[in-house]
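Report on the following structure.
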């Protein structure tokens, strides 16, 4: 009887020990998986780990602090687009003299008496908050066929006017690009802006004002080349060519690799002003395949382009589906980086499933701001399996722009 009780007691002890040891091992695995954040891994190795935000989010210090754990750069979802800076419905016109007093850039070939007023108030607030919190920002975007007021392309800045000629539009384009960029780099917080999506989705423009004025040759789009040249001239003026970079940004780039390469090479004919490609990455576990996507990534790298993953989200059929795809995707991205690929930034398009433009799809690796999903651990695991744990590799240094205007000033 005593032997039976002893054996029974020992069995319970062993069972209890097994439970505790299993719990300990699971806890240890979970702890290891969650012990590193995106800044310690991707931010350190690639230089920048980013996210998409809106100004109202930045006003909440709790949200900012949560975002900073995984990001050192942000992209404003809407507030820097032409519709938001210029107003979409009708132009608020001011005289050229008043524009000069406000610090706008007026090209010497600008023949009109008025320019549209640019409303910087919201974006200035966002840039200031980022500056105060040590966050950098991507300028998104200067030239786009969408979310750009139609009156910008028409006579007298009127929605009912005829389309202007190319000479007039050239002057308007130079006015806008240089006024927007110059506004930031002439101010206190200019060092916040380190990248610009100068032109967005040109290959997908249809029936736009840009095409109405300049024609529809997408891989040799004259206005795109001019926009990059104007933007680069601003960098030259403020001595920022070594610390701020300009990108062409587009979606479905894996389906249009050759056209993207042709366009960027055209932009850089005569002088390299475009650093490379922003690969918008609105992906799905059903399409594109991981191999299809990374074949495009490697094609851009072989073409000599710097590549940034700019708008990443992944539609999926559930956590298991997302976990598997995210792990394989980042294994391939990290392999490209390890093989010497010039990939300098990865930006998720939203801080959580609750703040995404894709409703009911749960395409991100956070369920709520600061609350990681299992896919987050898979993304980190893909990193540590490739590069090792933080501390075992050399972090990628980043450069803070120090805008210094040259004597050329503004006309």
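Here, residue 1 is simply the first one shown, and the rest follow in order.
Heads up, the Cβ atoms here are built off N, Cα and C, so glycines get one too.
Per Swiss-Prot, the feature signal peptide maps to 1-33.
The domain 'GH10' annotation in Swiss-Prot covers 34-382.
Applying an 8 A CB threshold to same-chain residues 6+ apart, the list for residue 201 (active site, proton donor) reads 144, 145, 146, 249, 250, 251, 280. Marked as active site, proton donor by Swiss-Prot: 201.
Around residue 311 (active site, nucleophile), the same-chain residues at least 6 positions away in sequence with a Cβ under 8 Å from its Cβ are 52, 75, 251, 278, 280, 281, 282, 347, 349. For 311, the entry in Swiss-Prot reads active site, nucleophile.
Summarising the annotation, Swiss-Prot assigns region 'Disordered' to 387-411.
Sequence annotations record features per position, and here Swiss-Prot assigns compositional bias 'Pro residues' to 398-411.
Mean pLDDT across the domain 'GH10' (34-382) comes to 97 in this model.
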